[in-house]
Amino acid sequence: MRLAHATLSRKLSSSACINQSIKNVVVIGGGLMGSGIAQVAAQSGQNVTIVDLDRKVVEKAQNAINTSLQRVAKKLFKDDLAKADKFLTNSMSRLMLSTNPEEAVGQSDLVVEAIVEKLRIKQNLFKTLDTVAPTHTIFASNTSSLPIGEIAEATQRKDRFVGLHFFNPVPVMKLLEVIRIPETSDDTYNRVMDWGKSVGKQTVTCKDTPGFIVNRLLVPYMMESVRLLERGDATARDIDTAMKLGAGYPMGPFELLDYVGLDTSKFIIEGWAEKFPENPLFKPVPTLNRLVEEGKLGMKTGEGFYKYQKK
Ligand SMILES: CCCCCCCC(=O)CC(=O)SCCNC(=O)CCNC(=O)[C@H](O)C(C)(C)COP(=O)(O)OP(=O)(O)OC[C@H]1O[C@@H](n2cnc3c(N)ncnc32)[C@H](O)[C@@H]1OP(=O)(O)O
Ligand SMILES: NC(=O)C1=CN([C@@H]2O[C@H](COP(=O)(O)OP(=O)(O)OC[C@H]3O[C@@H](n4cnc5c(N)ncnc54)[C@H](O)[C@@H]3O)[C@@H](O)[C@H]2O)C=CC1
């Protein structure tokens, strides 16, 4: 009887969780990725709070989301301006701004972190949030390269911790990599898989391994592109043209490095080089370090491998 009762209560609690769909999402980090993740959740009908350290950053994110939503609305409702406008207004009405992460997570069902690619900073953030977020809240990191398990170490909710790795630009790229750690509960996994589909993504699942699927293949390719340039074998422009026309990529490696950000790229390769010094694929490249030291972070600062018109 006792066993049946325990099984029944576990079933009830888990089904209660499953029925509790994710409605309130908090995105921590209002940069390139955080603004895109906040956008796709808001445009999919969820209440979203985007949080960053600085009010100016969240306001910039709000403007970026507005601009991007106009492109999406135009595509969705090309010949119905009234519907396009309603879609834009409704989506933006579901977006709140905050610079106070502890307060923002108070009513959250899901927290997606998209802050700087530094393990300690991510751990400190989640450690703090773990003490104030509701018990049922799922924590997710959008990290490109860090071990989900090591980020989750900082919390007491490893059963409610996953990796949700989106791709840039989030409103366009269809893929969402879902990473579970051994402690991730089935209920958590099922709820984030459903949530990923609810925000229009096609999900794949990967173990908690460096770079998951895409970046494990992409980072070595992009680093080797920089080495090819450093050896003087070809120019950046020709390497980009070659990969677009020869391999059908939408962007060449240097255009993509400038697009994703040279700072984030540097943090990724530095982290892997430190952790796996014996792997030649993860060797850092001097040109990337130099550009970052010179403050040339790519499109977001107006110059990286290429120069960009200031918007
Ligand atoms: C060493 C470290 C390396 C890894 C670093 C970490 C990175 C990660 O962790 C994981 C990643 O994200 S890897 C990067 C993945 N993303 C890519 O590979 C992007 C490749 N580029 C593209 O798809 C197109 O150039 C792109 C879509 C960007 C632009 O397309 P086009 O060149 O054709 O230009 P557009 O005509 O402006 O855009 C095409 C259609 O997309 C719509 N669109 C573009 N940007 C948008 C945005 N931000 N928001 C909303 N809609 C957007 C645009 O409206 C257009 O739509 P159509 O009107 O239907 O053509
Ligand atoms: N850039 C890309 O193409 C992709 C990046 N990612 C990952 O997403 C994360 C964010 O990357 P990006 O958006 O490119 O970086 P970003 O530099 O554009 O944005 C990071 C934001 O986090 C904020 N931030 C830093 N520490 C914070 C804290 N303690 N609390 C609140 N906000 C804080 C910064 O002010 C900044 O606005 C990284 O983990 C990165 O690896 C994942 C997929 C693609």
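Along the chain as shown, the residues are counted starting at 1.
Each Cβ is built from the backbone N, Cα and C atoms, and glycine gets one as well.
Automatic prediction, not curation, is the source of TrEMBL annotations.
Taken verbatim from TrEMBL:
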type: BINDING; residues: Gly29, Gly30, Gly31, Leu32, Met33, Gly34, Asp52, Glu117, Lys122, Ser144, Asn168, Lys300; note: NAD(+) binding site
type: BINDING; residues: Ser68, Lys75, Ser144; note: CoA binding site
type: DOMAIN; residues: 24-209; note: domain '3-hydroxyacyl-CoA dehydrogenase NAD binding'
type: DOMAIN; residues: 211-308; note: domain '3-hydroxyacyl-CoA dehydrogenase C-terminal'
type: SITE; residues: His165; note: site 'Important for catalytic activity'
Look at each of the binding-site residues, Asp52, Lys75, and point out the one with the fewest other Cβ atoms around it within 10 Å. Lys75
Quick check: in three-state DSSP terms, what is Ser144 (CoA binding site)? coil
Are there any residues in the same chain, six or more apart in sequence, whose C-beta is under 8 angstroms from the C-beta of Gly29 (NAD(+) binding site), and if so which? Val51, Asp52, Glu113, Ala114, Ile115, Val116, Asn142
Which residues in the same chain, at least 6 apart in sequence, have a Cβ under 8 Å from the Cβ of Lys122 (NAD(+) binding site)? Glu113, Ile115, Ser141, Thr143, Leu146, Ile151, Ala154
By CA-CA distance, flag whichever of Ser68, Lys75, His165 among the recorded positions is nearest to Met33 (NAD(+) binding site). His165
Spatial separation of His165 (site 'Important for catalytic activity') from Ser144 (CoA binding site) - C-alpha basis, Å: 7
Determine the most Cβ-crowded residue among the binding-site residues Ser68, Asn168, using a 10 Å radius around each Cβ and all protein chains in the structure. Ser68
When you look at Gly29, Gly30, Gly31, Leu32, Met33, Gly34, Asp52, Glu117, Lys122, Ser144, Asn168, Lys300, which the record names as binding NAD(+), what is the longest CA to CA distance in angstrom? 22
Specify the secondary structure state of His165 (site 'Important for catalytic activity') as given by DSSP, simplified to three classes. strand
Quick one: of the binding-site residues Met33, Asp52, Lys122, flag those whose CB is under 6 Å from ligand 1, and say none if nothing qualifies. none
